[in-house]
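Encoded as structure tokens, the structure appears first; notes follow it.
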Amino acid sequence: MDVLASYSIFQELQLVHDTGYFSALPSLEETWQQTCLELERYLQTEPRRISETFGEDLDCFLHASPPPCIEESFRRLDPLLLPVEAAICEKSSAVDILLSRDKLLSETCLSLQPASSSLDSYTAVNQAQLNAVTSLTPPSSPELSRHLVKTSQTLSAVDGTVTLKLVAKKAALSSVKVGGVATAAAAVTAAGAVKSGQSDSDQGGLGAEACPENKKRVHRCQFNGCRKVYTKSSHLKAHQRTHTGEKPYKCSWEGCEWRFARSDELTRHYRKHTGAKPFKCNHCDRCFSRSDHLALHMKRHI
């Protein structure tokens with residue numbers, strides 16, 4: 001052990017003679033001495049020298065007088081931004097020098113980190129950037145279905161570059177080395193433009209019909225000169241009755257022979273017989289049998 005003996009050999013023999021055994025547990029003094037030895041082992045002389053030289057340099061910076069060029073620069077600056085007294089100026093300059101030294105030391109420590117960490121961070125950043133570029137188009141948008149580009153991201157960060165393979169339909173594999181987001185976005189846009197040109201040529205110029213609004217309105221009126229388009233077939237049938245003159249909805253009130261082409265017209269007419277007024281104003285107690293009459297009445301309260 002590196003521990004210094006706290007007893008002499010005679011005291012140890014006397015202790016064995018009196019008690020019959022010798023305790024192997026270290027005493028408080030031995031523990032303290034062992035701690036001192038461990039501290040001296042980990043705290044070598046080189047850090048002490050650096051700290052001592054740094055303290056001496058710090059004293060030189062704190063007690064040194066600022067050069068005249070710094071004083072002239074202080075005088076040229078706005079007096080509201082700097083203190084008036086010269087002593088405070090000297091202290092602020094010394095603090096600036098100290099902060100610059102601390103900044104230099106911190107930058108030096110950061111530069112000593114291994115290059116692998118910077119390479120990993122570079123790869124991680126480029127991975128996030130590539131994910132952001134390739135996820136610019138939502139899955140449900142029509143642009144994705146037209147510009148179908150299968151992307152298989154193959155990253156190789158050996159030389160600090162990232163390789164993105166773009167596989168387009170009816171095209172060969174094209175490996176593009178991406179250096180940043182702008183280059184990746186340009187590559188994806190170019191591939192999309194090629195695919196869009198192919199899709200437009202295949203479809204025969206049906207770009208206007210590919211819009212979501214036009215996809216919904218698929219029910220067109222077949223009568224000559226009519227351009228009405230509806231999203232539901234029932235609405236189309238009700239509209240076609242205006243051309244044919246058909247009125248299948250007959251009023252069931254006794255003695256009434258009115259017929260209508262639409263069911264909502266029959267319901268509105270039936271309220272005249274019953275006197276029902278289901279549309280009530282929120283600002284007053286008036287009720288109406290038709291919703292458009294209520295809308296006209298609501299304009300008075302505005």
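The backbone N, Cα and C atoms fix where each Cβ goes, and this holds for glycine too.
As stated in Swiss-Prot, the feature zinc finger covers range 219-243 out of the listed 94-118, 119-143, 219-243. Annotated range for zinc finger in Swiss-Prot, selecting from 49-71, 187-209, 279-301: 279-301. Packing against the zinc finger (219-243) from elsewhere in the chain are residues 261-262: each is 6 or more residues past its ends and has a CB under 8 Å from a CB in it. Taking the motif '9aaTAD' (93-101) as a whole, pLDDT averages 48 in the prediction.
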